């Protein structure tokens, strides 16, 4: 079973973590015991585009780090022979800033937010404290399995 990550870099930023992201997607499939291959669309964007998307779909006029949109095709996964879980928009400018703020490596921050975005596609959220703990525990377990550490 091969999971498919469709990457669209809509910036001039030289993105270096596709292999790491593919490993994360593979680990997610194992974690959720998926029987069909996963397919995910990933867009690397900047502050301007993510702010526009956030305003249009969430009515929030601000930049954010990651936005996740579940797939309309999820109900058709058996007919398609794969599970298209959705689309993620990852703001590289915010990722770089947050890596510095949290004293994380750039790889860690990119991987953490990518994983966080996927977990949202599975219906998890962090509005309530108990939900946030559960969501973060899943993300951290994926980071540990792939030996992606917090520090530089």
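Each position is counted from 1, following the chain as shown.
Even glycines carry a Cβ here, placed using N, Cα and C.
Fair warning: this is a prediction, and the values are worked out from it, not measured in the lab.
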Additional site residue, 104, 126 [criterion: listed by Swiss-Prot with 116, 120 for Zn(2+)]: 126
Other residues, Cβ within 8 Å of 116, 120, 126 Cβ centroid (Zn(2+) site): 66, 68, 117, 119, 124, 125, 135, 139
Of 116, 120, 126 (the binding-site residues), the residue whose Cβ has the fewest other Cβ atoms within 10 Å: 126
